[in-house]
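Features as listed in Swiss-Prot:
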{"type": "BINDING", "residues": "Gly10, Pro11, Ala12, Gly13, Ala14, Gly15, Lys16, Ser17, Thr18", "note": "ATP binding site"}
Amino acid sequence: MKKINIAIDGPAGAGKSTISKLLAKKLGYIHIDTGAMYRAIGLKVLNSNIKSNEVEKILEVLDNTDIQIKIVAGSQLVLLDGEDVTEKIRQPSVSMYASDVSKIKEVREKLVKIQQDLAKQKGVIMDGRDIGTYVLPDAELKIFLTATAEERAKRRFLELKEKGYEVDYYQLLDEIKQRDLNDMTRELAPLRVAEDAIVIDSTNLTIEEVLQKVLELFYKVIGNEV
């Protein structure tokens, strides 16, 4: 079976990473969570006590930052200056920093180069905000996965509670709405639906139902049936 690249875009909390991981396991593909890269930069900025609007200081940090993606036993590890930060970058405090640094041109350029290099061999499922429109515009299958802000906040709330974080639903909802605004209005590669993307609204769908829809689209692209 020939291998293709799959781009899965959408707003924060839409379930992109969850679906991408399941799809990668099902197809034997590599999953690249590009948002994790921006979170890694956000984590370093946060730990450096730099405000997210101090662009010059962020660029200084960027020049001395090494980000690597490793695939181990089918799972993605994010290495920040040699340290595995895969779990640390999921802290709630990192989210807004990731959104803010993603608006900086030099940050996006550095990370997009890494992302494009990872996809050269095909067989990659890449999820993010600008994969189908900017990072992998030639991806053979493009999905735009979305859900209402309220549903996305609820999912994030339950996920964080399960991990032991004390979080407030309404604060999460406000943060998600702010991230949506940031992502859609940034100057470089804003969040938008690619012209050739298929939109899936997961608000009232189970994970299994979304996965089935994506699998049907995948097999249609490569000329087979589920």
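Using the three backbone atoms N, Cα and C, a Cβ is placed for every residue, glycine included.
Positions of the features from Swiss-Prot, shown on the structure.
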residue: Gly10; record: ATP binding site; Cβ contacts under 8 Å, 6 or more apart: Lys16, Asp127, Arg129, Ile143, Phe144, Leu145, Thr146, Leu191
residue: Ala12; record: ATP binding site; Cβ contacts under 8 Å, 6 or more apart: Ser95, Ser99, Arg152, Arg156, Ile176, Arg179, Asp180, Asp183
residue: Ala14; record: ATP binding site; Cβ contacts under 8 Å, 6 or more apart: Leu145, Thr146, Ala147, Arg152, Ser202
residue: Thr18; record: ATP binding site; Cβ contacts under 8 Å, 6 or more apart: Ile207
Check your understanding: In the same chain, outside Gly10, Pro11, Ala12, Gly13, Ala14, Gly15, Lys16, Ser17, Thr18, whose C-beta lies within 8 angstroms of the Cβ mean position for the ATP site?
Key -> Asp127, Leu145, Ala147, Arg152
Check your understanding: What number of additional C-beta atoms lies within 10 angstroms of the C-beta atom of Lys16 (ATP binding site)?
Key -> 27
